[in-house]
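Engineer: Questions regarding the structure given below will be posed in turn.
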Amino acid sequence: MASSGGGGLRHSNSSRLSRMSYSGEDGRAQAPGGGGDRPMVTFARRTHSGRYVSYSRDDLDSELGNSGDMSPESGQEFLNYHVTIPATPDNQPMDPAISARVEEQYVSNSLFTGGFNSVTRAHLMDKVIESEASHPQMAGAKGSSCAINGCDAKVMSDERGDDILPCECDFKICADCFADAVKNGGACPGCKDPYKATELDDVVGARPTLSLPPPPGGLPASRMERRLSIMRSQKAMTRSQTGDWDHNRWLFETKGTYGYGNAIWPKENEVDNGGGGGGGGGLGGGDGQPAEFTSKPWRPLTRKLKIPAGVLSPYRLLILIRMAVLGLFLAWRIKHKNEDAMWLWGMSVVCELWFGLSWLLDQLPKLCPVNRATDLAVLKDKFETPTPSNPNGRSDLPGLDIFVSTADPEKEPPLVTANTILSILAADYPVEKLSCYVSDDGGALLTFEAMAEAASFANMWVPFCRKHDIEPRNPESYFNLKRDPYKNKVRSDFVKDRRRVKREYDEFKVRINSLPDSIRRRSDAYHAREEIKAMKRQREAALDDVVEAVKIPKATWMADGTHWPGTWIQPSAEHARGDHAGIIQVMLKPPSDDPLYGTSGEEGRPLDFTEVDIRLPMLVYVSREKRPGYDHNKKAGAMNALVRSSAVMSNGPFILNLDCDHYVYNSQAFREGMCFMMDRGGDRIGYVQFPQRFEGIDPSDRYANHNTVFFDVNMRALDGIMGPVYVGTGCLFRRIALYGFDPPRSKEHSGCCSCCFPQRRKVKTSTVASEERQALRMADFDDEEMNMSQFPKKFGNSNFLINSIPIAEFQGRPLADHPGVKNGRPPGALTVPRDLLDASTVAEAISVISCWYEDKTEWGQRVGWIYGSVTEDVVTGYRMHNRGWKSVYCVTKRDAFRGTAPINLTDRLHQVLRWATGSVEIFFSRNNALLASRKMKFLQRIAYLNVGIYPFTSIFLIVYCFLPALSLFSGQFIVRTLNVTFLTYLLVITLTMCMLAVLEIKWSGISLEEWWRNEQFWLIGGTSAHLAAVLQGLLKVIAGIEISFTLTSKSGGDEADDEFADLYIVKWTSLMIPPIVIMMVNLIAIAVGFSRTIYSEIPQWSKLLGGVFFSFWVLAHLYPFAKGLMGRRGRTPTIVFVWSGLLAITISLLWVAINPPSQNSQIGGSFTFP
C-alpha cells in the first residue's frame, strides 16, 4: 500500500493516519511523538453520504486484484496491516529530497482531522473553494494528473505550479511512474523515446540540505536532527525510540558544525586555527567570539528617549505636592465634622478617602515614563546583508508565527477576517520566516472557505503591494482611503495595476459575501440528493411494505462534495460548536527558500510581476477539537492550541497575536518589534506590546473608544518600570516566555523606588556563571540543570513539542555581536532552509490540539495563556512579569495595527463590563499583585494592584454622585460652612489636577479633548458597568455563579450608507439604569434646592451653590451618556423615561418621608412645602 521509500504516497479520496499505540486506561490514542512511533499512512474511502470509512475487505480485494477468500479473523487485521517491501534492485527508494517535496505537496492539499478516540485522517482536497485556486502554494491548486492508466497521482510540479515533464513530448507522468519507467528501460511511455535525463535530481532540483555529519552507524538523520539545537543532552531526556541509537545525544553532543550556525562556538584560542570564519572547524565547547564580531562597529537597534527634564521634573513635583495637599485636606475633613449632617459628612469622607487611595495607585506608576525608537536600517544591516558568515545575504531574522483568532462568523464577519489575513501575508518580513495561523474556534465552514478565498486573492494582492509599496496593506482600508492614491507613485503602470486589483477585489468581496448563501444552496442540493438515494434504497428493500419517511441529518457540505468535519449549519452529533473534531488545513504551503519572481502576462497573473517576489507566507487553518465534558477555556484555550500546533509545524521563536478585526496598518511593524527582541538585553524581554488604534469611531469620540489616556499615558509610564501590561492583541511574544520559563539573569527587587533610583546588588560570580550556561530555567526546579524528564508533565506527551523548545530558545536569542550581549547566538545560524512539511508532522499537530491533550499538564496554569479569568490577557502578562520578564511598549510613527471598536453605547458598556469583571476576578484570585514575587518591581506591583482594585471605586463613586442631590434635598452640605480653608484646599487640589493633566498631555502627545472624554467615560463606566462587575465578581466568589459573555459584534466593513449608524442605535440594557437615575435625581434636586432657597425666609445661598456646583459636575460628566440616549434625532425609548421617572420620584418621596422639612419653612407665604 505504501512505497518503501515513503515518497510515493498513492492515495484515493483520503488517507488515514492512525496511531499505533493506545493507553490501557481509557483507550485514548497516544500522540505519535509520545510513544515514539511515527504516524502510519493507511487508507480510507468516502461514502456517497460524504462520510469516511475504512476500506472493507471487498474494497481492498478489488483495489489489489485479490479474488481469493479471506477468513473473517484475518480480515480486520488486514485492514490496518502495513507492509514494508525491502529495497531490491527492482524496488529502490526514492531520493529523500524528492520524496519530501512530493509529500509536502500531498500534505498541502489535504484536510487533516482527528481527535478523541478517533483516527487522524488526511482527506485529499480536489478543490477547496468553488473558484479556481491559481497560486501553486495554495491548497487545491490546479495540477495535472498522471497519464499512466490506473494512476491518479499528480504530476510533478515546480515552485510556480507548472508541470515538470521529463520528455520533450510533454507526456504527463508522476514521480513514481517516472521512476518505474527509468527502471524498465528508460523509455517515455508516451513517445517511446529514451529519456535524456534519467535521474530525479536532474528533473527536479534537489532541495539543499544542512551539512551536518552523518550519525554513526550509518543511521539516517531524522527530521528533528536536521533542526538547530542548543541544549546538551541528559540521561533523562526523551530518547528516540529506535532502540539502537540515541539521536538526541548525537545531535546535542556532536563535534560537527556548519559555520556559525552551530550552537557552540570554538574557544578563543581556536578562532585563529580555523574555528571561525564560517569554515566549520572543531568545537571546543567554549564561548569565545569570532574575530569578525569585534572588528565591526556596533550599533544598537533601539534607543530609549527620556522625557525632557523640563516636563518630567515639574510633573513629579506636582504629584508630590498634590499627594501632600490631599493628605492635609483629608486630615482637615476628618477633624472638622458637620454636626448638623453627620451622615452626609461621614459618607463624603469615606468616599474621599477611597478616591485619594485610588488616585495614588493610579498616579504612582506614572513617575517614570519613557519613549523608545527603533533603527530599521541597522536591523537590515545586521540580519540581511551579506557577511563572511552569510555570503548569500539570506535573512538571519528569526521565524515569526502570527495568530489570528475568530470564533463566530455571525458576529465577526469573514470579510473583516480575510482582510486581516491579507494584511499579514503582505507584511514586510522575510516570506520564508513568516507563518500565519487562523484559529476558528467555531469550526465554521464559512470561515474556512473565506480563508481559502483570501489565500486565492493574495496571489494578486501581495505582489501588488510589494511592487508599489502599498500602505496600508489591508485592501478594504486601502481602497477606502480619502487621500489621493496616486500621490508619490513613480511607476508608470501603477494606475493600470490599481484598477485591475480594485476590480478583482470587488469580485472577491462579492464571493465572500455570497459564501453563506452558496454553502446553504450547496448543502441543500447534496442533502436532497442523499434523501432521494435513501428513499430509493428504502423502497427497494421494503418492496410492498409501508415506507416511512426518511430522516437524514442535514449536513454541511464542502466544495469537493464531502461532509464538513466541523460545525454544521444545523448542528448534529459531533458537528456542533462544542462537539467537533480537530481540523488543520495548510491553505498555503511553506514557500521556497529563494525568491521566486513572476512573469509578465502569466496565466493567473495578468499584472507584470517580473521584478517582484511572488512567494506567499505559510497560511494554516486550525480549529481545535471540542467535545462535551471538556472545558474549552474560551479564547485562552484556543490560543494555547495554536501555540502547540505552531510549535510542531513551524516553531517560530516569536509569536504575534491579533484579533480578527485588527489588521497590519504598518507593513514594517513586525521588524520594529523584532528590533527590541534582537537588541542587546533583548533575551530578557518577554513580549513587545503595540498600542491599539481604532478606525470607524465618530469624530468626537463620544465614548472614549480611542482610549488614548490608557495607551499613551499609562502604558508609556509602565514602559519605564518593567513594561506595559498585555492587552490581548497586537503583542509580540517570546515563545519560551509563554512556556513558563524564567528569563536569563533575573533579579529580585526589594526597594520601592527601584525604577527611578536603581540599587546595585552584589551577585555571586558562580551564580551568574551558572545562569549564563543554563539555557532554560524554571523557578519550579531547584536543580541547576533542567530535568527534561519533567517536561511531559508540563507540556504533554508530544516529543515533537518538547524537542522544539530548546530550538525556539536558541533561535530567539539576539546576535552575539557585542561583548555586552549575553546569551547570544552567532550570525548565520538561521540562514539554513526550513524543513518541508510531512504527514506525520501535521498528524502530530492534530494530536496536540485535541480536547484531551491538556489533561494532567500545566497548560493554562503555568504554561501558555492562563485560564480562570475573562481577561486572560492581563493575567498572562502578569505571570510573565512575576517571573522576572520585562516587556516593551513599541509606539511606531505609523500605527502598527488598527482595529475596530464598538461605538454603540450598549456595546461599549458591555465591553467595559467584561474588562471590569476580569479585574474583579483577578483581585479575588492568586493573581492578586499583593501576592507577587520579589522579581516584580514595587511600582509594577502597584500598577497591577490598581488593575484589580479600580472596579471597586464604582461603589464610592455612585454614592458621591448622589451626595449633591442629597445635599440639595436636605438643605445641608458636606461641610458646615464654605469657609476659606475648605475653598483653598478645593482650589489647590483642582489646580494641581489640571496642571498634571497639562503635563501629561505634554509628554504623552494626547489632546485636551481626549483627556476630557476619558474623564467623562470614567464616570459613565464607573456608575454602570463597574458596579455590575463588582456584583458579578462577588457572586462568583461567594456563590460560585459562573460568568459568561458574548462576543462583541464587529462591523462588516462594507456599510457605505452611514459609517456611524451604530452610534445612534439605542439598545436597552440594565446597565443604563444607575446613570439615568443619577441624572434625574440631580436634576430634580437642583429644582428643589433652587425653589427652597428662593422662597425661604433666610436663603442659604452658599449651600445651594455648593450643591448645584457638584450636581453640574456630575451632569457634565454624564453628558455623552445622555446624548447617546437621544439617538439620531432625539428619539429616546419610552422605557427610558418610564424607568428614570419612576425611580427618581420614588427616591425623592422616600427622602422627603425620611427627613421632612421643618414646619416654619414657609414658601410663598401660604404654601407649605410637604
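Every residue, even glycine, has its Cβ placed from backbone N, Cα and C.
The region 'Disordered' annotation in Swiss-Prot covers 1-48, 54-73, 269-295. Feature annotation from Swiss-Prot assigns compositional bias 'Low complexity' to 10-24. What Swiss-Prot lists as compositional bias 'Gly residues' is 273-288. Swiss-Prot lists 311-331, 341-361, 955-975, 981-1001, 1027-1047, 1070-1090, 1104-1124, 1134-1154 with the feature transmembrane segment. Sequence annotations record features per position, and here Swiss-Prot assigns active site to ASP441, ASP873. Annotation source Swiss-Prot lists coiled coil at 527-551.
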Engineer: At the level of the C-alpha atoms, what whole-angstrom distance separates ASP441 (active site) and ASP873 (active site)?
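Structural biologist: Answer for this pair: 17 Å between alpha carbons.
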Engineer: So, do the transmembrane segment (1104-1124) and the transmembrane segment (981-1001) meet, by the test of 3 or more Cβ pairs under 8 Å (sequence gap 6 or more)?
Structural biologist: no
Engineer: Sequence gap of 6 or more, C-beta under 8 Å: which same-chain residues meet both conditions with respect to ASP873 (active site)?
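Structural biologist: Listed in sequence order, they are TYR726, VAL727, GLY728, CYS731, TRP865.
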Engineer: Near the transmembrane segment (311-331), which same-chain residues lie under 8 Å Cβ to Cβ, leaving out any that are not at least 6 residues past its ends?
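Structural biologist: Hits for the transmembrane segment (311-331): 349, 352-353, 356, 359-360, 363, 366-367, 369, 985, 988-989, 992-993, 995-996, 999-1000, 1002-1003.
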Engineer: So, three-state DSSP: helix, strand or coil for ASP873 (active site)?
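Structural biologist: Its secondary structure by DSSP: helix.
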Engineer: Please indicate, using numbers and ranges, the residues of the same chain that are 6 or more beyond the transmembrane segment (955-975) and have a C-beta under 8 Å from a C-beta there.
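Structural biologist: Same-chain contacts beyond the ends: 333, 336, 338, 340-341, 344-345, 347-348, 350-351, 354-355, 982, 1019, 1022-1023, 1026-1027, 1030, 1074, 1078, 1081-1082, 1084-1086, 1088-1089, 1092, 1100, 1102-1104, 1106-1108, 1110-1111, 1113-1114, 1148, 1151-1152, 1155, 1157.
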Engineer: Please report, as numbers and ranges, the same-chain residues at least 6 past the borders of the transmembrane segment (1070-1090) whose CB is under 8 Å from any CB of it.
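Structural biologist: Contacts of the transmembrane segment (1070-1090) (Cβ under 8 Å, skipping residues fewer than 6 from its ends): 905-906, 909-910, 913, 958, 961-962, 964-969, 971, 1020, 1023-1025, 1027-1028, 1104, 1107-1108, 1111-1112, 1114-1115, 1118, 1121-1122, 1125, 1136, 1139-1141, 1143-1144, 1147-1148.
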Engineer: Going by DSSP, give the three-state secondary structure for ASP441 (active site).
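Structural biologist: It is coil.
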